[in-house]
């Protein structure tokens, strides 16, 4: 097919057909059997041509430029047409270059559906776009790129304008969509009119965005808003230049305002809840010639209906709070901050200062209101810092970690409350929950409450995620060596009711040995699961964690691990699991990383579980989970038989003494049975590995001693004629020690040793291993004085690897 383009000289229009950039073309333009790669048709020319291919739109584009002179001649006001007609279906760009004096600028009016400004590089949905440039003398300023279907209805420019319209090859558009309305002096770079109808939003940018607003220039946006609507301005992206003189600012002219123009910095919260139409101007400054910087602005205006409860204020009294901030925001903040494409919730701290995000500081009283149809979109996040400066005052104070009532009274959901606890050197942090206690969130016991606590202990070098905890468990106390961050997170609306029962407390305590120590006091009927911090990534190298498990007096605890090995190999150092009951001299169980973990075992007293990590060979770290259950203590039949047997022996001894006394009345030196308190029944040497019940030894059997040795003085006083009355058994009333029972015989210990060598671990403890012994025993090598021995035994309370309770910071 052939095309004919005829241009009149008075139209001052030029047509260029040229290759599409970046496309290698096998197609050419034929004019009278002459092939050309491109074609230029000047004013007054008439050209007929054709293409050598059937799809020229793939290889060629077209530019149609029209020059309009509004300086030396009359300006052609009215609609601007797409000229000339009958052009081939190519991607084409119409360019109108309008010359005008700076004393009489130009006003362009766009027909509906008006224009929408887009960022450089963004494309329009229908691929139809407008680009507007202002020409002042030899300088050109890019006012912006626009798509159809927007709110920009007019643009007034100082001086001339170059406006281009880009159409794809298959566009059905037949009109330019704008006209030249008037020439008027505006004394500023440009004025952009944006007409907003109903609830809507518009995004606009400063000229030359993002390269920079011209130096010391002024421009204005005029927003036409229905009088029954409310408009709010939000700055999303801006930067400032380096000013030598003046100051960069924005000015608002708001009808009815008492202080027009209202001046704001770009860093300020911009006006909100504006009733009706208003103007906003951007003023630049004289920039530093050596380092000018860039002034640019991208902002949004949102228009919505006034809210019924916009005049309802909510009191937020933070006057008594210290080191706390409260942020009210929409759901998803701060990771996702989209531009507003529709009306959203606004938070106002006064009728004209509103934003999607509002931060309140402690020490102040606020009255806030909401411009929002649905408050369920909003959330509250608060942060409070507690630090210790004077350790003498800190250690005597208990801090309550509860959400202030000022926050709970707001009609929006609490998302998170964060406590940042800062401790000085040699001072550690203790978290307690006296009444509710805490449950660790583990797969076997998941938290199903309306809130939970995430606890992180950190130094500038390392961070230890202690775990997630919720109320209603067995953990009474957590002690940590480093600074701690506690994050309370809520789930659903149930927290409003449960918040009244919060009992989390914090205090500063003396230095502890381990990175973290838990005190666990389970319910006698509970099964408790506990796991190492930093789950599932594992303990950091060389970190030691301890649990102190309290066993009820009438209960037996059973301790078991969820796997049979630690599952790591050490590059440096060794990893250990230590289990130790609290009584002095109790057996300690130690397992290394290359050994099997202990089988489930019974624990009869409060006990410690300590996990110490090494530096593992690979990325696999140490993770352990264990459980504790409880059962009532059962009366052992052997104990009953031993008690009966003991009673029988006592009766027999009494009868023997009585009979011997009567028999010896006729003798000069009678023999009697007596208990000698000074007999040492403990074998010398080290304590045995296992304790032995009283029913298994003979420490309660009395020796038969010549009564002349015992009663010699009495017999001398009576000249041997009267026998003393000694037939009544007198129970032992001396000091009662807390020492373990006497060690077993050497032969029994050898059997135990052989058993350990063959099996690798001692047999399970029997229920009879926790007997109460009636008689105090002395250790080998001790003084015979019972008082000194008892004092020495009381001091022997050290717990291997864990030290004593005072050094561990566990003094209650």
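Using the three backbone atoms N, Cα and C, a Cβ is placed for every residue, glycine included.
Within the set 589-612, 613-636, 637-660, the record from TrEMBL flags 637-660 under the feature transmembrane segment. Contact between the domain 'CDCP1 third and sixth CUB' (188-291) and the domain 'CDCP1 fourth CUB' (315-403) is supported: at least 3 Cβ pairs lie under 8 Å, counting only residues 6 or more apart in sequence. Mean per-residue pLDDT, taken over the domain 'CDCP1 fourth CUB' (315-403), amounts to 85. Residue counts for the domain 'CDCP1 second and fifth CUB' (412-499) by DSSP state, with H, G and I taken as helix and E and B as strand, are 5 helix, 52 strand, 31 coil.
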